[in-house]
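Presented below is the structure to which this report refers.
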Amino acid sequence: MSPTPTRVRASAPAKTNLVLHVGSPTLDGYHPLETLFVAVDLRETVTAAVNPALARRGVGIRITVEAERGSEYARMVSEGTARLSDVPLDGTNLAVKAALAVCEALDVPMPGLELHVRKAVPVAGGMGGGSADAAAALVAVNHLVARHAGIAPMDTDELLRLGAGLGADVPFMLLGGAAIGRGTGTELESVAAEEQLHFVFVPQDQGLSTPAVYRQWDANHTVTNASTRSAPRTGIAPDPVPTAVLTALADADPDALAARIRNDLQGPAIQLLPELEGLLNHGVELGALAGWVSGSGPTVCFLVRSRDAARRLVLDFVREHRHALAVAGPVPGARVESRE
Ligand code: ATP
C-alpha cells in the first residue's frame, strides 16, 4: 500500500457558457437555467496539507492564496488592475467551505488543514474561479483526509452532491468536458465534444457581482400593472439548449457554433458595464467568429478558428494594452495532480 500522503495537490478548470438561458426565479429565489458549459485549460490549483500543529492550536483550517506565477492574472495583480485581497481568507472562501464539507461528510475530525490556492482565473469574472477552487479543494481534501483517517475516499457521485451544496458551478468543475446544466446548473448531462475549440478570453479590470447581474435580469423582466405596482414576471421557463449547438460542438465546427452562442445574462451585464458592447464588436472586427460575455461577466470571450488565430487575436488585444488569454476546451474536470 502507498504511504499516507500529508499533502495533496489538485486542479480544476475555469469555464465558459456557450449557451446560457435563464428563466424567472422560483419561490426559493433561484433562476432556473438551461446552459451549455465548456471547461477550458485555465486551471486553479489547491494544495491541501495536514498540519497537526494547527489542530493543537485549535485552528481547523488556514488558507493562503497567491496568483499563479506567469499567468495573466498575476500580471493583472502586479500592475494593480486586480487585487488578491478580493479573495476572502475566511470561512466564506469556497475552498474552505469545501474542506469543511468533506470532513463532515467523511465524518472525521478536522485534522488541522493548510489550504493553498494558486489562482490563474481572474476573480468575479464569470469564469467560475471560486467554483474551481471549491472543486479542486473537494478532490484534494477528500484524498488527503480519507487516507489520513484510514478510510476510503468518497466517490465522484458523492463529491458531485457535496459540490451542488457549495455553488451552482461546482459540480461542473468536478465533471469538466462539456455538459448541459439544468436546474441551477447542478443537474448535469455530459455532451460529446471530442475536438478542441479555441477561445480568447479578455478579462476586465472590474468584476461584476453575479447577484447584481441576476437582479438586472429581474428588472428587465418586471411588469408594471395598472396601479403602477411593479412585479417580477413569473413562469418564464428557460429555453432548452438547441440541438444545433450540440451538433456544432460534437462536430467541432466553430463557424456553425459561432452563429448559435447565446447568453441571456449578456444584456444585463452590458447594462451594468456598457463598455462591454464595444469590446464585443471590436473582437469580431479583429477577426473573431463570435464574441459573448462569459456567464454573468464581465470577462468577454471570443471564439476563433484555430490556436494560431487565438494567438494573433491575443497579440492584437495586448497591443491595445488589454489583458487577453488564449484558451482551449473542453478539458477534464478536477483531478489530483500530486500526492506527497
Ligand atoms: P460565478 O460565475 O461562478 O459566479 P465568478 O467567476 O464570476 O463566479 P468568482 O471568481 O468565483 O466569480 O468570485 C465571486 C466571489 O466569490 C468573489 O467576489 C469572492 O467574494 C467570493 N469567493 C469565495 N471564494 C472564492 C475563491 N476561492 N476565489 C475567488 N473568489 C471567491
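Cβ atoms here come from the backbone N, Cα and C positions, even for glycine.
Around the Cβ of Lys15 (active site), the same chain contributes Phe37, Val38, Ala39, Val40, Met127, Gly128, Ser131, Ala132, Asp169, Phe172, Met173, Gly295, each under 8 angstroms and 6 or more positions distant in sequence. Among the features that TrEMBL reports, active site is placed at Lys15 (among others).
Under the heading domain 'GHMP kinase N-terminal', TrEMBL lists 93-177.
The ATP binding site annotation in TrEMBL covers Pro122, Val123, Ala124, Gly125, Gly126, Met127, Gly128, Gly129, Gly130, Ser131, Ala132. For Gly130 (ATP binding site), the count of additional Cβ atoms within 10 Å of its Cβ stands at 27 [all protein chains shown].
Per TrEMBL, active site is recorded for Asp169 (among others). In the shown protein chains, 30 other C-beta atoms lie within 10 A of the C-beta of Asp169 (active site).
Among the features that TrEMBL reports, domain 'GHMP kinase C-terminal' is placed at 248-315.
Close to Ala124 (ATP binding site) in the fold, though at least 6 residues off in sequence, lie Asp86, Gly207, Leu208, Ser209, Thr210, each with a CB less than 8 Å from its CB. The 6 Å Cβ screen around ligand 1 retains Ala124, Gly126, Gly128, Gly130, Asp169 from the recorded positions Pro122, Ala124, Gly126, Gly128, Gly130, Asp169, ordered by sequence position. Residue environment of Gly128 (ATP binding site) contains 31 other Cβ atoms, counted within 10 Å of its Cβ in all protein chains. Around Gly126 (ATP binding site), the C-beta neighbours below 8 angstroms that are at least 6 residues distant in the chain are Thr16, Leu208, Thr210, Ala269, Val293, Ser294, Gly295, Ser296, Gly297, Pro298, Thr299.
The DSSP secondary structure for Ala132 (ATP binding site) is helix.
In the three-state DSSP classification, Gly126 (ATP binding site) falls within coil.
The DSSP breakdown of the domain 'GHMP kinase C-terminal' (248-315) into helical (H, G, I), extended (E, B) and coil residues amounts to 35 helix, 11 strand, 22 coil.
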